[in-house]
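Reading through the C-alpha coordinates given below for one structure.
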Amino acid sequence: MKMVGRIFLLFLSVSVTVVIAGNGTPPTFTEKGKALAEKLCEKSEDKAFCVASLTSRPEANTATAPKLGVIALSIASTNASDTSFYIKAKLKQKNLEPALEDTLDDCSKNYLDAVAQLDDSLAALLANSYIDVDIWLNTAISDGEACESALSERAGNDAELARRNTNFLKLCKDALLINTILTP
(Lines of atoms letter the chains of each structure in order from A; the text may use other names.)
(Lines give C-alpha, C1' and ligand atoms only; values in the text may rest on other atoms or scores of the structure.)
Protein backbone atom coordinates (compact mmCIF):
# COMPACT_ATOMS: atom_id res chain seq x y z
CA MET A 1 0.00 0.00 0.00
CA LYS A 2 2.85 2.36 0.76
CA MET A 3 4.24 1.83 -2.75
CA VAL A 4 0.92 2.79 -4.35
CA GLY A 5 0.81 5.96 -2.23
CA ARG A 6 4.35 6.91 -3.26
CA ILE A 7 3.60 6.32 -6.92
CA PHE A 8 0.46 8.45 -6.61
CA LEU A 9 2.43 11.28 -4.94
CA LEU A 10 5.13 11.06 -7.60
CA PHE A 11 2.52 11.17 -10.37
CA LEU A 12 0.77 14.10 -8.69
CA SER A 13 3.98 16.10 -8.26
CA VAL A 14 5.02 15.49 -11.87
CA SER A 15 1.55 16.51 -13.07
CA VAL A 16 1.60 19.71 -11.02
CA THR A 17 5.10 20.53 -12.28
CA VAL A 18 4.05 20.05 -15.90
CA VAL A 19 0.95 22.20 -15.44
CA ILE A 20 2.89 24.97 -13.71
CA ALA A 21 5.73 24.88 -16.27
CA GLY A 22 3.25 24.93 -19.14
CA ASN A 23 1.51 28.05 -17.83
CA GLY A 24 4.53 30.32 -17.51
CA THR A 25 4.73 33.66 -19.19
CA PRO A 26 6.89 34.23 -22.24
CA PRO A 27 10.18 36.04 -21.73
CA THR A 28 10.09 39.81 -22.06
CA PHE A 29 12.39 41.90 -24.21
CA THR A 30 13.18 45.58 -23.96
CA GLU A 31 13.84 45.83 -27.70
CA LYS A 32 11.14 46.32 -30.31
CA GLY A 33 10.99 46.32 -34.07
CA LYS A 34 14.16 45.67 -36.05
CA ALA A 35 16.40 45.48 -32.96
CA LEU A 36 14.15 42.77 -31.52
CA ALA A 37 13.99 40.96 -34.87
CA GLU A 38 17.79 40.91 -34.97
CA LYS A 39 17.91 39.49 -31.45
CA LEU A 40 15.28 36.82 -32.18
CA CYS A 41 17.01 35.86 -35.45
CA GLU A 42 20.48 35.43 -33.93
CA LYS A 43 20.31 31.62 -34.15
CA SER A 44 18.55 31.46 -37.51
CA GLU A 45 20.16 29.44 -40.31
CA ASP A 46 19.97 32.63 -42.42
CA LYS A 47 19.92 35.64 -40.08
CA ALA A 48 19.66 38.24 -42.85
CA PHE A 49 16.68 36.43 -44.41
CA CYS A 50 15.02 36.09 -40.99
CA VAL A 51 15.41 39.78 -40.13
CA ALA A 52 14.33 40.91 -43.61
CA SER A 53 11.20 38.76 -43.53
CA LEU A 54 10.21 39.77 -39.99
CA THR A 55 10.67 43.47 -40.71
CA SER A 56 8.95 43.37 -44.10
CA ARG A 57 5.61 44.33 -42.57
CA PRO A 58 4.98 47.88 -41.32
CA GLU A 59 3.58 46.64 -38.00
CA ALA A 60 6.98 45.09 -37.24
CA ASN A 61 8.45 48.55 -36.51
CA THR A 62 6.90 48.61 -33.03
CA ALA A 63 6.25 44.89 -32.56
CA THR A 64 6.88 43.01 -29.35
CA ALA A 65 8.23 39.44 -29.39
CA PRO A 66 4.77 37.78 -29.39
CA LYS A 67 3.67 40.08 -32.23
CA LEU A 68 6.79 39.15 -34.22
CA GLY A 69 5.83 35.51 -33.66
CA VAL A 70 2.43 36.25 -35.20
CA ILE A 71 4.10 38.11 -38.07
CA ALA A 72 6.49 35.19 -38.70
CA LEU A 73 3.60 32.72 -38.89
CA SER A 74 1.55 35.06 -41.05
CA ILE A 75 4.41 35.48 -43.53
CA ALA A 76 5.00 31.72 -43.67
CA SER A 77 1.28 31.13 -44.22
CA THR A 78 1.11 33.72 -47.00
CA ASN A 79 4.16 32.15 -48.62
CA ALA A 80 2.58 28.69 -48.43
CA SER A 81 -0.68 29.97 -49.95
CA ASP A 82 1.17 31.77 -52.75
CA THR A 83 3.23 28.65 -53.46
CA SER A 84 0.08 26.53 -53.50
CA PHE A 85 -1.46 28.89 -56.10
CA TYR A 86 1.76 28.77 -58.12
CA ILE A 87 1.64 24.96 -58.17
CA LYS A 88 -2.04 24.94 -59.18
CA ALA A 89 -1.27 27.32 -62.06
CA LYS A 90 1.59 25.09 -63.21
CA LEU A 91 -0.67 22.03 -63.07
CA LYS A 92 -3.13 23.77 -65.42
CA GLN A 93 -0.45 24.03 -68.11
CA LYS A 94 -0.81 21.62 -70.98
CA ASN A 95 1.85 19.14 -72.05
CA LEU A 96 3.61 18.87 -68.69
CA GLU A 97 6.23 16.15 -68.47
CA PRO A 98 4.79 13.21 -66.47
CA ALA A 99 7.60 13.38 -63.89
CA LEU A 100 7.02 17.11 -63.34
CA GLU A 101 3.28 16.60 -63.09
CA ASP A 102 3.81 13.90 -60.42
CA THR A 103 6.13 16.21 -58.49
CA LEU A 104 3.67 19.08 -58.72
CA ASP A 105 0.80 16.83 -57.59
CA ASP A 106 2.76 15.72 -54.54
CA CYS A 107 3.87 19.26 -53.68
CA SER A 108 0.33 20.54 -54.17
CA LYS A 109 -0.95 18.12 -51.53
CA ASN A 110 1.93 19.03 -49.22
CA TYR A 111 1.24 22.74 -49.52
CA LEU A 112 -2.50 22.37 -48.97
CA ASP A 113 -1.67 20.55 -45.73
CA ALA A 114 0.98 23.12 -44.80
CA VAL A 115 -1.45 26.03 -45.20
CA ALA A 116 -3.91 24.35 -42.84
CA GLN A 117 -1.16 23.56 -40.33
CA LEU A 118 0.10 27.14 -40.36
CA ASP A 119 -3.45 28.39 -39.78
CA ASP A 120 -3.65 26.00 -36.81
CA SER A 121 -0.25 27.27 -35.61
CA LEU A 122 -1.45 30.85 -35.69
CA ALA A 123 -4.59 29.99 -33.73
CA ALA A 124 -2.47 28.10 -31.19
CA LEU A 125 -0.04 31.01 -30.84
CA LEU A 126 -2.89 33.46 -30.25
CA ALA A 127 -4.07 31.10 -27.48
CA ASN A 128 -0.51 30.97 -26.03
CA SER A 129 -0.37 27.25 -26.72
CA TYR A 130 3.30 27.16 -27.66
CA ILE A 131 3.54 23.37 -27.61
CA ASP A 132 0.77 23.11 -30.21
CA VAL A 133 2.51 25.76 -32.33
CA ASP A 134 5.64 23.62 -32.19
CA ILE A 135 3.73 20.51 -33.31
CA TRP A 136 1.93 22.25 -36.20
CA LEU A 137 5.05 24.05 -37.40
CA ASN A 138 7.10 20.86 -37.37
CA THR A 139 4.37 19.17 -39.40
CA ALA A 140 4.37 22.05 -41.92
CA ILE A 141 8.16 21.77 -42.15
CA SER A 142 7.79 18.05 -42.85
CA ASP A 143 5.43 18.91 -45.71
CA GLY A 144 7.99 21.32 -47.15
CA GLU A 145 10.72 18.72 -46.80
CA ALA A 146 8.55 16.15 -48.59
CA CYS A 147 8.12 18.57 -51.48
CA GLU A 148 11.87 19.21 -51.45
CA SER A 149 12.50 15.46 -51.67
CA ALA A 150 10.09 15.10 -54.57
CA LEU A 151 11.84 17.96 -56.36
CA SER A 152 15.32 16.55 -55.87
CA GLU A 153 14.61 12.85 -56.41
CA ARG A 154 12.60 13.02 -59.62
CA ALA A 155 13.39 14.06 -63.14
CA GLY A 156 10.54 16.58 -62.98
CA ASN A 157 12.13 19.57 -61.29
CA ASP A 158 10.88 23.15 -61.29
CA ALA A 159 13.51 25.75 -60.35
CA GLU A 160 10.95 28.36 -59.27
CA LEU A 161 9.13 25.87 -57.04
CA ALA A 162 12.46 24.76 -55.56
CA ARG A 163 13.30 28.41 -54.72
CA ARG A 164 9.85 28.99 -53.22
CA ASN A 165 10.10 25.79 -51.19
CA THR A 166 13.52 26.75 -49.82
CA ASN A 167 12.11 30.10 -48.70
CA PHE A 168 9.07 28.38 -47.18
CA LEU A 169 11.30 26.11 -45.12
CA LYS A 170 13.38 29.07 -43.92
CA LEU A 171 10.23 30.98 -42.92
CA CYS A 172 8.82 28.01 -41.01
CA LYS A 173 12.11 27.30 -39.26
CA ASP A 174 12.40 30.96 -38.26
CA ALA A 175 8.83 30.93 -36.92
CA LEU A 176 9.70 27.75 -34.99
CA LEU A 177 12.82 29.42 -33.59
CA ILE A 178 10.78 32.39 -32.39
CA ASN A 179 8.17 30.07 -30.89
CA THR A 180 10.92 28.22 -29.03
CA ILE A 181 12.20 31.53 -27.63
CA LEU A 182 8.67 32.53 -26.59
CA THR A 183 7.91 29.19 -24.94
CA PRO A 184 7.95 29.70 -21.17
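Don't overthink the numbers, they just go from 1 along the chain as shown.
In case you wondered, yes, glycine gets a Cβ from its N, Cα and C as well.
What TrEMBL annotates here:
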type   : residues : note
DOMAIN : 32-178   : domain 'Pectinesterase inhibitor'
SIGNAL : 1-21     : signal peptide
- line: Across the domain 'Pectinesterase inhibitor' (32-178), DSSP yields 121 helix, 0 strand, 26 coil
Task: Average the pLDDT scores across the domain 'Pectinesterase inhibitor' (32-178) and report the rounded value.
output: 95
